[in-house]
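> Dumping the structure here so I can ask a few things about it.
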């Protein structure tokens, strides 16, 4: 009995050690020796993309956010459809709005040329998000790396987990808490990613014309801002027209998003909820603090980004390092494998 009990305790301790080591493998210095070029490659790729697409930085940050909220930061959002699973690209929160996949493809091809079979797509997306923020004038931070890529996508989970533009504050809190982001500062700081980028008219039409099926606009919307938005998104107009999240500094990563919320000029309902909802007693002080001090916002954003980046990472021998971010690696037949390096380089 004693021996059996000891073995059970030993097994439990080994399990805890394995979990601890798995998380410990995420490190800002993970690629210092194996692929230090990855950071410059990411920066240069985004710089090139920005010349023709000023909103690409915001789009890449959003991709990383939507990746991490579904099964952790595992690059599952980058996978295309297969016969085995539906892609997350088809989920409600991504279809016809998630973008930047081609930029990640270009980045990955350059990284594979410089450091073959070394940098995961999950890490690359996290690094690209950080570089996007920096290039838009936001804060810098060291990205903990060492993630592995998932072997499948999770469309149904994406539909369940991703916040929507019309989410109430309580729904937002629940969705953040469900993935492990349980601090009010996580929600408020990460929502600040809407300080740059654009949104489609289709996601704000109810706010402008028929809020909660009332036949009237959202009463929390500033009247002058409502008039501006109605000109950009007229009733029966083109629902794909793009509107800036932040009219003040639409391409700059700053704290104006929170200034807008204080003035009831949040573009989508889920943003304005942080300041105007009856449930906002724990988020209003943070909105005020970030509006009054950009440094406070930047510090909180960096902390929240690192916390989000640490959500359920696949590390060690879990998952794989994809050679193409859109598809899982081909598995060789045992009889065909003579030199694994030759095989891998031919995929």
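Indices start at 1 and increase along the chain as displayed.
Just so it is clear, glycine is given a Cβ too, placed from its N, Cα and C backbone atoms.
Here's the feature list from Swiss-Prot:
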SIGNAL    1-24  signal peptide
SITE      62  site 'Transition state stabilizer'
BINDING   67, 70, 72, 74, 76  Ca(2+) 1 binding site
CARBOHYD  81  N-linked glycosylation site
BINDING   163  substrate binding site
BINDING   194  heme b binding site
CARBOHYD  210  N-linked glycosylation site
CARBOHYD  238  N-linked glycosylation site
> A 10 Å Cβ contact count, applied to the recorded positions 76, 210, 238: which residue has the minimum?
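Ranked by other Cβ atoms within 10 Å, the recorded positions 76, 210, 238 bottom out at 238.
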> Compare the C-alpha of residue 76 (Ca(2+) 1 binding site) with the C-alpha of each of the recorded positions 62, 163, 194, 238, and give the closest one.
62
> By CA distance, which of the binding-site residues (74, 163, 194) lies nearest to residue 210 (N-linked glycosylation site)?
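Result: the closest of the binding-site residues to residue 210 (N-linked glycosylation site) is 163.
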> To see if you understand the setup: which same-chain residues, six or more apart in sequence, place their Cβ under 8 Å from that of residue 74 (Ca(2+) 1 binding site)?
67, 122, 147, 148, 149, 150, 312, 313, 314, 319
> Same chain, not part of 67, 70, 72, 74, 76: whose C-beta falls within 8 angstroms of the C-beta centre of the Ca(2+) 1 site? Give them in sequence order.
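Surrounding the site, in chain order, are 68, 69, 71, 73, 75, 77, 88, 122, 150, 154, 312.
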> Based on Cα distances to the residue listed as 'heme b binding site', point out the closest of the recorded positions 62, 70, 72, 81.
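It is 62, whose Cα lies nearest.
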> Based on Cα distances to residue 81 (N-linked glycosylation site), point out the closest of the binding-site residues 70, 72, 163.
70
> About how far apart, in whole Å, are the alpha carbons (Cα) of residue 70 (Ca(2+) 1 binding site) and residue 238 (N-linked glycosylation site)?
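Here the two Cα atoms lie 31 Å apart.
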> What whole-number Å value do you get for the CA-CA distance of residue 72 (Ca(2+) 1 binding site) and residue 62 (site 'Transition state stabilizer')?
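Cα to Cα, residue 72 (Ca(2+) 1 binding site) and residue 62 (site 'Transition state stabilizer') are separated by 14 Å.
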